[in-house]
Structures are given as structure tokens and as C-alpha cells.
Ligand SMILES: Cc1cc2nc3c(=O)[nH]c(=O)nc-3n(C[C@H](O)[C@H](O)[C@H](O)COP(=O)(O)OP(=O)(O)OC[C@H]3O[C@@H](n4cnc5c(N)ncnc54)[C@H](O)[C@@H]3O)c2cc1C
Ligand code: HEM
Ligand code: HEM
Ligand code: SF4
Ligand code: F3S
Ligand code: FES
């Protein structure tokens with residue numbers, strides 16, 4: 001199949017940037033979306049142009065490095081990561097618009113690459129359990145109900161890709177933050193720091209310039225890992241509890 | 001054909017032979033006491049002095065993140081580096097199956113000794129006993145540590161941890177978190193690391209790629225890195241350097257590794273004098289999704305557990321174009337069940353991989369290019385019912401469908417082997433220190449405890465063992481003699497290293513040739529796969545060395561690297577990595593040529609039994625090959641391996 | 001052990017976006033409670049002028065003699081005004097913040113013309129904000145009409161019953177009220193669910209699958225529908241004349 005792509009090109013953080021149109025020929029429907037960009041980049045390189053910069057690493061949907069907005073949808077038309085999206089999801093002759101994640105907290109570095117360091121800093125503000133190496137008790141001393149463990153696991157599968165932020169009309173990082181609050185909050189090991197965790201993480205979330213959540217739910221429909229919306233409600237509940245105890 | 005009389009190894013036209021290595025620093029005495037002895041005799045550092053001691057940790061995978069977090073927690077001044085935009089994205093995240101530990105929660109006879117035994121045997125007697133025993137010992141602490149961090153391992157209904165059996169062993173000792181064990185373990189280590197970053201003990205440098213090692217007065221004292229966003233070439237110095245930069249499977253271009261996995265950090269250290277051990281040991285995984293076209297950028301692994309219920313077959317007829325469903329039962333060859341009646345579809349990875357290759361070489365492969373065999377669940381679905389199969393393998397089936405666009409419930413899956421893991425790496429002693437003083441190497445980057453072949457679920461174990469429990473002791477022992485004299489940034493060794501990096505970048509950008517970096521990488525990968533892949537021959541390896549050298553020369557004359565250094569330049573990043581892969585690829589072939597035996601992940605066609613099984617030559621090759629870099633040619637140092645506890649036997653799966 | 005808290009100075013969680021939302025949710029629920037009572041009162045219109053006017057006068061003397069004449073009413077008014085001020089303040093603050101957070105380039109966020117609604121202005125974000133503004137205008141106009149007899153389309157009267165009837169005989173008054181009430185309906189259809197979610201009470205993985213969503217939509221229909229009976233009865237069926 002032959003397609004046309006319109007890609008956001010921006011040389012660096014200071015450049016203004018614009019959409020640029022390219023044709024890509026002989027695209028196989030079995031190609032992944034990123035392989036299609038590889039083919040385009042080979043073309044661009046040979047013609048002396050700067051290839052399009054995009055983040056990626058594992059190409060199997062688990063590292064969270066990849067992610068672009070395709071035709072207005074974060075990670076494109078399917079509920080998966082950009083690297084796991086295949087060209088068979090598009091028609092022959094399609095015009096595909098490719099843009100970087102847009103959010104105040106995710107400044108563009110170059111072309112489709114953005115800086116998601118804000119997510120790491122949210123984790124630094126409390127997204128952990130303080131368990132110094134060597135201090136751990138025997139693993140089976142503390143049973144965890146299977147249901148809680150499974151639930152915690154589901155929230156822990158967040159890959160930190162940032163699609164939720166790109167999809168949220170408010171540029172809110174609440175689904176990402178809530179996934180971590182839920183993962184750690186459901187486990188007995190996570191209880192001692194539960195209040196300080198939610199307070200620290202929310203403070204950092206706001207400090208980074210993410211928007212507030214107005215319970216729109218667009219984030220969950222773009223999340224490749226299906227992080228559910230009730231995680232956000234749990235975060236709200238945890239913060240309310242922490243504030244009520246006067247912990248802030 | 002078997003090798004009978006000793007003759008001068010033809011590999012010696014490509015290398016010199018140096019002195020043997022005799023002291024790997026492992027304590028002697030009863031094996032179960034060696035690690036305790038080492039810990040007791042290790043020098044300690046007063047907590048008040050730790051702040052003054054600095055360590056650079058390259059890599060934030062399981063090995064690097066666990067080490068940086070633990071060292072930071074202990075109070076050392078740590079700087080951590082990774083090439084991704086976040087430490088959480090290190091390649092360890094992709095591990096699926098699980099992590100081994102000798103907890104014996106299943107009461108099925110597991111023990112530290114059994115894990116030790118299985119690992120030595122699984123490694124085809126090419127690993128050090130002392131190291132492997134220590135690995136088995138600390139494996140139990142790893143699980144405790146991870147659970148305390150909040151890693152959500154699978155649990156039983158009673159709330160206790162669940163286990164499964166994995167990788168051809170008879171006990172259930174594998175802890176797992178659905179198909180995402182690596183992810184969950186890495187997130188645990190990453191969170192511990194972020195906690196230390198917040199505490200100010202670890203300084204994180206993301207999107208920074210190590211391009212050179214700095215040696216001062218015969219000690220590793222620093223690294224040169226490139227800030228991948230601004231292009232700035234930075235110097236970082238410290239009292240010790242830890243490389244935890246992962247494996248080099250990407251030398252094959254197509255592998256299950258992440259796109260950015262590289263050998264640059266280890267190769268640059270090798271060029272500065274660190275020995276590279278056993279480079280030819282590569283693990284090829286049998287159950288990957290086959291290549292679908294020449295645009296393919298990477299291969300995807302599907303968990304080995306699929307072989308528990310799936311049956312592997314090919315059509316008996318050559319170049320059979322029919323759909324799988326149109327091929328009647330008696331025209332199918334379930335070749336693994338036929339050749340290995342005892343283990344059937346569950347033979348070890350290397351055997352299953354090679355068998356698939358033979359079928360495809362014989363023209364019986366299926367799918368595009370005839371590079372694939374069927375993995376059929378029709379019987380399992382008949383026997384267990386579709387819901388049961390779905391519950392067990394649903395996510396893998398979905399992944400397959402997502403990638404291939406085919407429905408594995410109605411047509412059998414197609415699978416093909418792919419490069420998955422590299423057992424070789426920088427040589428280290430018992431303390432995980434390389435032959436360069438002050439340079440420590442952990443995780444997949446070192447030549448590790450897996451010998452010639454790694455058991456499933458053991459790489460995660462090793463990475464975390466190194467980072468959480470081994471390195472913190474052995475590195476402290478080294479640091480106890482510090483802090484060493486401060487290294488100024490205008491020290492000649494620093495200036496030299498920095499200039500070398502800058503010159504290399506300038507050269508790459510100036511060539512402005514006609515071929516893309518990827519096209520070279522693909523061609524190199526094809527050579528490696530054809531001649532240094534599942535089966536190696538003297539003739540092929542010799543030919544490959546010549547081809548690689550020619551290709552390398554062509555690369556430095558004709559590659560086209562666009563853009564400039566002073567900005568995010570992904571082409572430049574790749575060019576530097578591919579340049580190092582050329583040199584490593586050549587060494588892999590030389591190592592494979594030298595090792596005229598078949599062991600683990602290395603199969604020499606000249607060395608097989610009459611019925612085509614791998615044949616080891618313990619009399620001649622029971623050693624670690626540690627290669628020293630040389631401008632003209634490398635030098636081989638042999639570290640002899642002795643087995644006091646496990647008797648050397650040959651494997652049999654018939 | 002080393003400290004695990006960050007040293008960077010950050011605004012307190014008490015002033016966070018989530019805390020702002022708590023105040024929005026609570027003030028919204030207070031207003032919602034008022035609306036339910038108000039609607040119930042309005043339905044007394046169908047009992048005729050005397051009963052209706054009498055009921056409204058009765059409101060002046062709630063808890064009399066414990067509270068002075070109109071005392072309870074003033075408390076309610078103060079609470080309601082405070083709720084409205086808090087609610088609007090929070091809404092405007094969040095709205096401005098969120099716009100800045102969305103990463104606009106010029107005046108668009110994404111340049112693509114495809115999938116405009118999906119990612120960028122979903123139903124809820126659109127209706128809550130513009131609906132809220134319509135509501136605010138409606139409330140100002142409505143209070144001006146009902147309470148002090150200032151704005152009296154159709155003719156002023158001491159009888160509120162008459163005033164209501166006079167007003168709703170005019171088509172554009174009915175139209176404005178309809179717009180206002182549809183806005184109330186939409187606002188609450190998302191708002192009630194959203195408020196409970198904000199207060200941590202949603203346990204469903206998506207909005208659609210939440211039981212509160214059904215309740216929320218039901219409530220919105222009842223309130224908007226309940227209020228609309230009066231103007232529609234007057235305009236279309238000539239009630240009260
Ligand atoms: C698909 C797949 C499935 C697997 N499943 C299992 C399993 O089930 N069980 C098991 O035990 N093992 C499994 N393995 C193997 C295991 O995942 C790896 O061996 C292990 O995770 C390696 O960890 P590491 O910390 O050594 O390196 P990595 O996780 O590869 O980390 C390398 C780090 O080094 C950094 N780095 C690299 N080069 C540079 C440079 N030049 N400059 C700066 N930084 C650099 C990277 O940024 C990264 O942070 C699997 C492997 C694959 C590919
Ligand atoms: C007067 C102008 C008003 C404006 C500008 C306004 C605006 C908004 C906005 C933007 C929201 C969504 C924010 C969010 O979900 O967090 C909201 C929520 C809400 N509004 Fe209003 N509103 C107004 C009036 C009212 C009135 C009169 C009521 C009561 C009937 C009301 C009840 C609610 C409720 C219950 C919520 C949900 C709170 C939450 O999500 O936590 N609003 N309002
Ligand atoms: C058709 C619909 C409506 C009718 C017929 C109606 C009628 C009235 C009447 C008669 C009064 C005067 C009551 C008194 O004297 O105490 C009143 C007051 C008021 N109404 Fe409505 N109303 C309607 C809809 C609404 C809506 C949708 C809102 C809010 C969103 C609202 C908010 C108010 C307020 C705030 C007051 C002032 C209460 C006070 O301070 O005493 N009304 N309304
Ligand atoms: S919550 Fe989902 S969309 Fe958001 S970062 Fe995590 S995986 Fe990505
Ligand atoms: S889309 Fe945005 S508003 Fe909240 S529910 Fe999701 S973060
Ligand atoms: S590249 Fe890793 S998730 Fe897409």
C-alpha cells in the first residue's frame with residue numbers, strides 16, 4: 001500500500017515546528033507503525049534530509065518509550081502502544097497525521113520526542129516503598145490476598161508512556177499517578193507510607209505543571225495497559241483521608 | 001564427524017595465545033562457606049566516609065538499578081547513566097517468564113544445592129562453581145527484597161507466593177508476575193533508585209551514552225559520555241566504575257533485544273584492556289514470531305511455556321504450499337516428538353532451535369521465506385477445551401494475533417528461533433571486578449554465571465543478585481582503600497579519552513557516504529546469523545571474519561550519517577554502536593573458531609556425535625576464553641575450569 | 001537512614017488540583033441538594049396559586065421562633081452563595097490551569113483535522129465548562145426575576161405564582177429556561193458522577209460501566225424534567241391562567 005504521512009517536524013525545543021508531508025510507498029500491512037517510520041527515515045537519509053526523531057526501544061509494548069499521537073489519538077486507533085500498532089489498521093492511500101504528545105509538562109525535545117522526566121520526578125516524590133536492601137523479612141511472612149495482589153499487579157503494569165496525558169484534554173497526569181498509588185496502596189507493604197505517598201506525589205504532579213483531572217476518562221481509553229478509571233477515584237479517596245488526618 | 005587428533009587450532013591465524021588466568025579470587029574451602037568467608041574478610045567502609053567515595057554506574061537495568069539504589073542507600077556518592085529517557089525503560093523490562101530462587105516453597109526437593117547443580121549442568125560445565133553457588137545462595141534474599149518493595153508476584157488463594165516450573169527443570173522454583181516478571185522486578189528496582197535520587201545520594205543522567213572508559217594509573221577512574229540531547233561530550237570521574245550495560249545480542253541486528261541494546265560500553269572498556277570472555281556463547285530462543293519481511297526491525301519472543309501444550313511440526317513434503325489445516329495428519333512430521341521421544345516438544349532451547357533450523361534448511365519451513373515451523377494447539381484445544389487454553393495462554397495468543405494478524409486458535413502459530421541472550425561478556429573475578437582494577441561489571445554485561453548456556457529465569461536472578469547482594473560487598477572492599485587521588489579534567493588520560501570520542505564522532509559525520517547505518521547493521525547481522533548463529537563451522541567462520549572486515553572497511557568509507565553532533569541525533573547514536581558491533585562480531589567469530597567443540601549455545605558442526613548431538617571436549621576446552629584487545633590481533637587467555645562438586649557429564653535428552 | 005522527601009519547594013497538597021476538586025464537588029453537591037428541594041417546592045405550583053404562595057411564604061418562617069423571620073432563608077442564601085462562589089472560583093482556576101497544561105501550540109493542541117472530538121474536547125469537558133457558564137447566567141437572571149421583582153417579563157406582581165405564570169406565557173422566557181434547564185441536566189449528568197468520583201466513591205473501571213453514572217443521568221433527567229413541567233404546563237397547556 002501507499003500512504004501519505006504528515007509529521008510534526010521541530011528541530012529542537014526552541015524551534016517553532018510545523019507539519020511536513022511525505023509520501024511512503026510499498027508499505028506492507030504487516031509492518032509495525034514504527035517500521036513504516038524506519039522505511040521513511042531510510043528514504044530521508046538517502047536523500048540527505050534529517051530523519052524523523054522518535055522514541056522507541058523494546059518494540060514490544062512494554063518499555064513505554066514509544067508513543068505519538070496518530071490522527072488525533074494517542075498511540076493511534078487501537079488500544080495498544082505505537083510500536084505494536086500495525087499498518088493493517090490503515091487503508092491504502094490513507095493520510096496519517098503524526099504529532100508528539102502535547103502537554104505543558106512534556107516539552108518537545110525534537111520532532112516526535114518529548115521529555116517525560118516529570119513522571120520520574122512524581123515517582124521520586126513517593127512512588128516507592130522504603131525497603132532498604134537487606135532489611136526485608138522472609139517473603140511469605142506476610143500473606144497478601146490473591147485478589148489484592150492481582151489488582152495491584154494490574155495497576156503496576158503501567159508502562160509510563162504518557163498517552164494518558166496526551167489524551168486528557170486537561171493534560172493531566174492523574175491516571176499515571178493513580179496507577180502507582182493503587183499498586184502500592186493495595187499491598188500491606190505499602191500501608192505505612194500511604195498518606196505521605198499520595199501527598200508527595202500529588203504535590204509533585206501539580207508542581208510539574210500537569211492539569212487537574214475532571215473525570216473525563218479519555219485517558220483510560222488511550223491507555224495501552226487498560227489502567228482503569230477507579231484508580232483515580234482511589235487516589236482521590238487516599239488524598240482526602242490523608243488531608244483529613246492533617247498529614248499535609 | 002568427531003575430532004580425533006590434536007592439531008594447531010586454525011583460529012590461531014587470527015589471534016595470539018597469552019598466559020592462563022589462575023586467580024579468580026574465589027575463596028577456597030567448603031563451597032557453602034565461600035561467600036560468607038569473602039564477606040567476612042572484605043574490608044568495611046565507615047559510614048561517615050562513604051559520602052567521600054564515588055561510583056559511576058552505567059546502566060539502569062536490573063543489575064544497574066539495584067546496584068545504584070543499594071550503593072546510594074549505603075551512603076556512597078553514586079552517578080547513574082542510561083541511554084533511554086528514563087531508567088525504567090532498560091531492556092530488563094521485557095523479560096516475561098520469571099525469576100528463579102531456591103525457596104523450596106513447593107516442598108518438591110528444591111534447595112540451594114539443587115539450583116547450583118542445575119545451573120552448572122545447564123551451563124554445560126563452562127561456568128565457575130564458586131560463583132554459581134553464591135548465586136543460588138542469595139537467590140532467596142532476592143525474593144524477600146522484591147516482595148518488601150511491593151513487587152506484585154503471582155499468589156495462591158491462601159495469599160502466599162505462587163511458583164511455576166520453567167526451562168526444563170524438575171522443580172517449581174520460578175516466581176513470576178503473569179507474563180511481565182521483568183517489568184515488575186525492574187519497576188521495583190527503579191522505584192528504589194528513584195527514592196535514592198530524591199534523597200540526593202544518586203545523581204541520575206538519562207539520555208547519556210557512555211562512549212569511553214578513562215584509565216588513570218592502571219585504575220578505571222571515569223567515563224566519557226555524550227549528552228544525547230545537546231551533544232555535549234562530558235567527563236565523569238569517580239573512585240570506581242560499574243558497567244551494567246546489558247548484552248550484545250543486537251550484533252545480529254534481528255534479535256529479541258530492545259533496539260538500543262549495544263556493546264559500546266563493554267567494547268570501549270575492552271579496548272582499554274578489559275578482557276572479553278566467551279563472546280561466542282549466544283542463546284537462541286526457539287519460540288519467537290518469525291520474520292515477515294525485510295523491513296523487520298526486531299523479533300518478538302513468546303514465552304517458552306507455549307511448548308508445554310503446543311505441538312511442533314512441519315509438512316513432510318518439501319515446499320508444501322497448502323494451508324496447515326489442509327495438510328492431513330499423516331503428512332505432518334512432529335519432528336521433536338520423533339527424534340527426542342523422552343522430552344518431545346520440551347527439549348532445551350538450543351536443541352529445539354537447531355532442530356527447527358534443520359527442518360527449514362531442508363526446505364520444509366512454512367510461512368514467508370520458508371523460515372518457520374508450526375506450533376499447533378489443535379490437540380490442546382480438543383483435550384482441554386478452548387476456555388482452558390485461553391486462560392493459560394490468552395495474552396500470548398493475543399500478542400501473536402496482534403503482530404501477525406492471524407488467529408492462532410484456528411490456524412497453528414508459526415515460530416522460528418531468534419537470538420535472545422548473550423552469555424559472554426566482560427571477564428570478571430569472584431568479586432565481579434574485571435582484570436582492570438576498579439572496573440566492575442554486572443548483569444548480562446559480564447560473562448556471568450551461566451557458562452555456555454543460561455537456564456530460563458536465571459538472568460533476572462543474576463542481575464539482581466549482582467546488584468543487591470554481591471557488588472555492595474565486593475565494591476566496598478575495593479573502595480575501602482579510597483578515596484583515590486582526585487582526577488582533574490585536564491589530566492592527560494582524560495583529555496586523550498575525550499579527544500578520541502570527539503574525533504570518532506567528527507569522522508563519522510564527515511564520511512557523508514551513500515549507505516545508511518541500518519543497511520550495514522542488517523548486513524552484519526546476516527553474516528553473523530549465517531555463520532556464527534545456531535550452527536558454526538570452521539569454513540563458515542573463517543569466511544565470516546573476512547566478510548566482516550571488508551564490510552567494516554566499507555562502513556568507514558561509505559556510511560552516511562546525517563545531521564550534527566550538537567542535537568538529538570539518532571543516526572549518529574546508531575552509527576557509533578554499529579561501528580563497535582563490527583569489531584565485536586569479528587571477535588565472536590574468532591572465539592567460535594577457537595572453540596572446536598559444541599557446548600551450550602555454541603554448536604560446532606565438526607563436533608557432534610554420530611546421531612547429531614552436541615559433543616563437548618572437556619579435555620581440551622574446559623576453560624573460559626578471555627580475550628585481550630590488540631591493535632593487530634587479540635590475545636587469548638584461558639581460565640581453566642575445575643569441578644569439585646558437580647561431576648562433568650554430557651547432556652542427553654533422548 | 002537518609003531522608004526520602006524531596007527538597008524542592010512545592011505548593012501544598014491542600015491547594016492541589018485534587019483539593020480544588022473536593023471543594024467543587026462539595027459545593028456542587030450542596031447546590032444539587034438545594035435544587036432537589038427547590039424542584040419539590042416548584043411542583044406545588046400545580047396545587048394552585050394559594051397553596052403555592054402560601055408555601056413560599058411559609059419558607060420565610062422556617063424554624064420560627066428559634067430563628068428570626070427569614071432567618072433560615074438567609075442562612076440558606078449565604079450557604080448557597082458561598083457554594084456558588086467557591087464552585088465558580090474552583091472551576092475557573094482549574095480551567096485556566098488545565099488549558100495551560102494541555103500544551104497548546106498557538107491556538108490548537110493537535111493540528112490534525114481527524115478525530116477532533118475524541119481526544120480534544122470530549123463531551124464532558126465541553127459541556128461542564130460552557131454549560132457552567134450558561135448556568136451562571138441563568139441563575140443571575142432567574143434570581144433577579146424571582147426574588148426582588150426587578151426583572152419581570154410579562155408583568156410584576158406580589159404573587160410569585162402570578163409572576164411565574166406571567167413570565168412563562170412568553171415564548172422567549174420559556175426558551176431561555178429550557179436552555180438553562182437543559183444545561184442543568186447536562187451539567188448534572190456528568191457532575192453528580194464526577195463529584196462522587198472526586199470524593200473517592202467510584203469503583204468502576206470506566207465511566208460507562210459505573211452504577212453512579214446511571215444514577216447521575218437519572219437524577220439529571222428528574223431534575224431537568226421536574227423543573228420543566230411548570231413552564232411547559234403554562235406555555236403549552238395554559239396552566240394557571
Ligand atoms: C524478550 C526477553 C525475555 C526475557 N525473559 C527472561 C526471563 O523470563 N527470565 C530471565 O531470567 N531472563 C529473561 N531474559 C533475559 C534478561 O531479561 C536480561 O538478561 C537481563 O534483564 C539483563 O539485565 P541487565 O541489567 O544486565 O541489562 P539491561 O536490562 O539490558 O540494561 C542495560 C542498561 O544499560 C544501559 N546502557 C547500555 N549501553 C549503554 C551505554 N553505552 N551508555 C549508557 N548506558 C547504557 C541501558 O540504558 C540500560 O539501562 C529475557 C530477555 C529478553 C530479550
Ligand atoms: C454557575 C456556574 C457554574 C460553573 C461555571 C460550573 C462549572 C463546573 C465545572 C467546569 C465542573 C467540572 C469540573 C469537575 O468535574 O471537576 C463542574 C462540576 C460540577 N458542578 Fe458546576 N458549575 C456551575 C454551576 C453549578 C451549579 C449551579 C451546580 C448545581 C446545581 C453545579 C454542580 C456541579 C457538580 C455537582 C459538579 C461535579 C463536581 C466534581 O466533579 O467533583 N455546578 N461545574
Ligand atoms: C422552571 C424552573 C424554575 C422555577 C419555576 C423557579 C421558581 C422560583 C421561584 C418562584 C423562586 C422564588 C422563591 C422564593 O421566593 O423564595 C425561585 C428562587 C430561586 N431559584 Fe428558582 N426556579 C426554577 C429553576 C431554578 C433553577 C434551575 C435554579 C438553579 C440552578 C434555581 C435557583 C433559584 C435560586 C438560587 C433562588 C433564590 C432562592 C432564595 O434565595 O430564596 N431555580 N425560583
Ligand atoms: S497510565 Fe496508561 S497511558 Fe498512562 S502512562 Fe501508564 S500505561 Fe501509559
Ligand atoms: S482524561 Fe483527564 S480529566 Fe481525568 S479521567 Fe483522565 S485524567
Ligand atoms: S517501543 Fe517499548 S513500548 Fe513501544
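Cβ atoms are placed via backbone N, Cα and C, with glycine included.
Your range for region 'Disordered', going by TrEMBL and the list B:1-30, B:31-60, is B:1-30. The helix, strand and coil residue counts that DSSP assigns across the compositional bias 'Basic and acidic residues' (B:17-30) are 0 helix, 1 strand, 13 coil. In the three-state DSSP classification, residue B:349 (active site, proton acceptor) falls within a helix.
Confidence in the domain 'FAD-dependent oxidoreductase 2 FAD-binding' (B:55-460), given as mean pLDDT, stands at 94. Cβ contacts within 10 Å of residue B:349 (active site, proton acceptor), excluding its own Cβ and spanning all protein chains shown: 25.
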